[in-house]
Amino acid sequence: MEDEAVLDRGASFLKHVCDEEEVEGHHTIYIGVHVPKSYRRRRRHKRKTGHKEKKEKERISENYSDKSDIENADESSSSILKPLISPAAERIRFILGEEDDSPAPPQLFTELDELLAVDGQEMEWKETARWIKFEEKVEQGGERWSKPHVATLSLHSLFELRTCMEKGSIMLDREASSLPQLVEMIVDHQIETGLLKPELKDKVTYTLLRKHRHQTKKSNLRSLADIGKTVSSASRMFTNPDNGSPAMTHRNLTSSSLNDISDKPEKDQLKNKFMKKLPRDAEASNVLVGEVDFLDTPFIAFVRLQQAVMLGALTEVPVPTRFLFILLGPKGKAKSYHEIGRAIATLMSDEVFHDIAYKAKDRHDLIAGIDEFLDEVIVLPPGEWDPAIRIEPPKSLPSSDKRKNMYSGGENVQMNGDTPHDGGHGGGGHGDCEELQRTGRFCGGLIKDIKRKAPFFASDFYDALNIQALSAILFIYLATVTNAITFGGLLGDATDNMQGVLESFLGTAVSGAIFCLFAGQPLTILSSTGPVLVFERLLFNFSKDNNFDYLEFRLWIGLWSAFLCLILVATDASFLVQYFTRFTEEGFSSLISFIFIYDAFKKMIKLADYYPINSNFKVGYNTLFSCTCVPPDPANISISNDTTLAPEYLPTMSSTDMYHNTTFDWAFLSKKECSKYGGNLVGNNCNFVPDITLMSFILFLGTYTSSMALKKFKTSPYFPTTARKLISDFAIILSILIFCVIDALVGVDTPKLIVPSEFKPTSPNRGWFVPPFGENPWWVCLAAAIPALLVTILIFMDQQITAVIVNRKEHKLKKGAGYHLDLFWVAILMVICSLMALPWYVAATVISIAHIDSLKMETETSAPGEQPKFLGVREQRVTGTLVFILTGLSVFMAPILKFIPMPVLYGVFLYMGVASLNGVQFMDRLKLLLMPLKHQPDFIYLRHVPLRRVHLFTFLQVLCLALLWILKSTVAAIIFPVMILALVAVRKGMDYLFSQHDLSFLDDVIPEKDKKKKEDEKKKKKKKGSLDSDNDDSDCPYSEKVPSIKIPMDIMEQQPFLSDSKPSDRERSPTFLERHTSC
């Protein structure tokens, strides 16, 4: 009773019989990318139905049949709308839901070989298509592969394939060590089951063991050499009148001797570069289809081997074969066989059917897999789409996880460590982060951080053994050196050289190297920040006005601040970071990015002021422009007589001789020498420096544009994949080198990078260590605790917000964070820097983001047409440590670094500022303000939040950002960290303006793609709940088979391809129709 289909009581009214033209029309219906359904159903255990219950059901069924046509129509229409699970889906649930400790099935490479005549003489198996994710065809010219494209299948071919699986031989988990043994096993099985006549065994075996010709990539010279051969072969094929006839084909199969079959891969297979697209554990699925003249009925076999075996030259690439599908049929249906081969090959590349093929126990499991595929396909009308058009692979593939989870029984399966969305009842944040859970014990968080990071300490060094790490080191090194020089110069101006460029280099090297070696998150880069610089300026002026020793006062502030930071570490105060939502993070990171962009242009404008452009210069009037050095009035000479002047092109003479010697020409002096020795510059062209500003802007914008272009070169169609990846990894270094060479070739005297050449304190009034007592009153040591509180807030906010941004879930970090451990080492380094009078260092947001971007990893083997998948970041300690060691050694590399133009480094600053804004939701929402509604992207928050509410949220964020910018630009910048803290309060106040539903989508740190995934899971659960309630109220118990639509091949074709006979009377009977249709 279980195998009987539910009767379709409307089948008796079926009077239309398909004619031949309608059957042919099925071939023009094409199937595109299938979209997974989102419903699933919980399995229910039902007790067996008793005799009385069966009678009751029969009575209900009879009453149902006696209803009026109107009632039947109403009920049928309502029942159609109910989401029902097909028997195929139910069977797949049990297949995929079984607990299996074995590893996931490997990636499959599927190859379609067709039996074709070669040079009009010999029949061979010729490769015509291949699949990993997408289909690649051998073009009609036969000399090249097509671009990867989405496989479009005729609906008819899928039904024919289903019939093949029903009628053919299914051989699962067989053992074979060679192709002849496997072929003999298949043929013997066909004879035993009565599907093949014994006298045809030799012919079938010979056909299946014919030579395989693969479409391998040839070199240009080889391709040119084969042109003549191809042309001559083609001419013989078209001039031979007997080519393709049955007699000729039979003679081809019997005239030549059987080729030697080798189990080892051939040289062409081993040299095939296509292996780079396959993972190491890949297996092969071979599809062989063809037409022969000695068969009256098709020869069909589907084989799955117990262990994958190398079958010689059967496959284009040297991978072991696990699956083999064979279809040999009578003459006249080559196109149908080809489409069936494409259908099974496409199914083998489908992730769900791929898993079913590995786990299937019998024929019915495989048929259920085909039915599930049919349940998910989308049919395109033939009049609205040309099947000859090749569909480009999408940039992002629909995940098959939903289809698999729907059947495997997993309801709360989380991918890539994702956490379920809170359902709109919270504002996001980091409450689910293990690193931020408060322990309630003394130093509990610090101890947990150490225990979490200790097992990865060794791997943090050998994980850096990759060429990508070298590019990251060079890129971040140049950024760090530039930053150290910039802040060192500003500190020198603010503190009267008590801290200068050399102190900045030394502090950066010491602090950064120690932090990267021992901190919890070594991907974070330490640097001086703007608020620290403002504090240093105010502290120096305060000390100067009150006659305090600046360095001693600063020492005690640093010690108090370090002590307060250690208290925060001991009390697990870093748990407060969980209140830093996307609103706070994006406001802070966007502000720092804008500062980098602003400073880059500010420095270029300042350079243009120093080297002005003479906009009134006229080429034809050169005589109007002059600049001459004239001697000063002798009465005003104040230079001592023993001063000697030595321009490089003049003999050495005393100043007295210079001023009184009438033959001395002052016009030979340079501008610098003229000003140095008291001369006067006269002329309207003295402040004009030709070409420097224009050349500097060329270098500046050129470096930025080149860096952006080369970074995106990975997705370019030019050059092989390895070369594109290498260029992308070294994009910044290549840009710097290119424009350094351009600057050297042009020869314009652009400003260059200046590095201290001597290792000594910038100011002669200080040493390398600061004594804690001596210059200031004793009470200053205690009073320093007050400004230290402000510094502590500054350090805590800068450090922890940057750490939160670095540890975002979209970076897919696997070794965990270490907020408490990071703050601990920042406190220790504050003590060291305070004792040595070095600048204080804290996490730098933009440089840290650039460091992460330079270490991002993607899949090494991507199927043709498939976009590389982001795997995570190369977490290690080597790149940061070497960056800071090189920074310390930069003093000894000054002769090399002096050739780098400063505009090139400013261009790198601009790139870092712009690149760190990529993927920030705040920037996406800013762009929405300029986009018409119809052109707006499909962001998840636009699905659920009204657009005016989105704009209001963006406006408030822009307002906060503007206030922070104004605050940063004034004297009140010292309270900048407090205002960052105020962003948390502003975000809390938004609870009164926005609903929790809106905030859950606008203010969340979960990446967009993950949020969409979670939304689809929520919809699936809702449908599941409604499905269960529908099933509880239905009359049909779940244990019985649910009706499904089946289109049998015998009804679709008057002459099925599997049999030359016409449908029997039984197949035309109403009973037969009832068994193959549904209500």
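Any Cβ shown, glycine's included, is placed from N, Cα and C.
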Inset, instruction - Would you please say which range out of 693-710, 927-944 has the annotation transmembrane segment in Swiss-Prot? - result: 693-710
Legend entry - Selected residue, Swiss-Prot feature phosphoserine, from candidates Ser400, Ser1026, Ser1064: Ser1026
Inset, instruction - Select, from Thr193, Thr254, Thr652, the one residue given the annotation phosphothreonine by Swiss-Prot. - result: Thr254
Inset, instruction - Name the residue among Ser862, Ser1034, Ser1061 that Swiss-Prot annotates as phosphoserine. - result: Ser1034
Legend entry - Same-side membrane placement of Gln499 and Lys988 in Swiss-Prot: no
Legend entry - Position flagged as phosphoserine [Swiss-Prot], chosen from Ser77, Ser146, Ser257, Ser336: Ser257
Legend entry - Residues of the parent chain within Cβ reach of the transmembrane segment (467-491), under 8 Å, 6 or more residues beyond its termini: 499-505, 508, 512, 525, 527-528, 533, 536, 599, 726, 729-730, 732-733, 736, 753-755, 839, 844, 847, 850-851, 854-855, 857, 874, 876, 878-880, 882-884, 886-887, 890, 897, 900, 905, 908-909, 912
Legend entry - Per-residue pLDDT averaged over the topological domain 'Cytoplasmic' (572-585), given as an integer: 76
Legend entry - Close approaches to the transmembrane segment (820-836) from elsewhere in its chain (Cβ under 8 angstroms; 6 or more beyond its ends): 443, 445-446, 448-450, 453, 506-507, 510-511, 514-515, 518-521, 524, 526, 554-555, 557-559, 561-563, 565-566, 568-569, 572, 574, 768-770, 795-796, 799-800, 803, 842-843
Legend entry - Folded-back contacts onto the topological domain 'Extracellular' (895-901), same chain, C-beta under 8 angstroms, at least six residues removed: 478, 481, 696, 699, 736, 739-740, 743-744, 750-755
Inset, instruction - May I ask whether the transmembrane segment (902-918) has at least three C-beta pairs under 8 Å with the transmembrane segment (693-710), counting pairs 6 or more apart in sequence? - result: yes
Inset, instruction - Compare 502-520, 878-894, 902-918 by their Cβ pairs under 8 Å to the transmembrane segment (726-745) and return the stretch that comes out on top. - result: 902-918
Inset, instruction - Work out, from DSSP, the number of helix, strand and coil residues along the topological domain 'Extracellular' (746-779). - result: 2 helix, 1 strand, 31 coil
Legend entry - Candidate ranges 502-520, 586-609, 780-807, 902-918 - greatest C-beta contact count to the transmembrane segment (878-894) (under 8 angstroms): 502-520
Legend entry - Tertiary contacts of the topological domain 'Cytoplasmic' (919-960) (same chain, 6+ residues out, Cβ under 8 Å): 582-583, 586-587, 589-590, 810, 983, 986, 990, 993-994, 997-998, 1001-1003, 1008, 1011-1012, 1015
Inset, instruction - State the non-local partners of the topological domain 'Extracellular' (492-501) in its own chain: residues 6+ outside its ends, Cβ under 8 Å from one of its Cβ atoms. - result: 484-485, 533, 536-537, 540, 550-551, 755-756, 761-763, 765-766, 837-839
Inset, instruction - Just give the helix, strand and coil counts over the topological domain 'Extracellular' (895-901), going by DSSP. - result: 3 helix, 1 strand, 3 coil
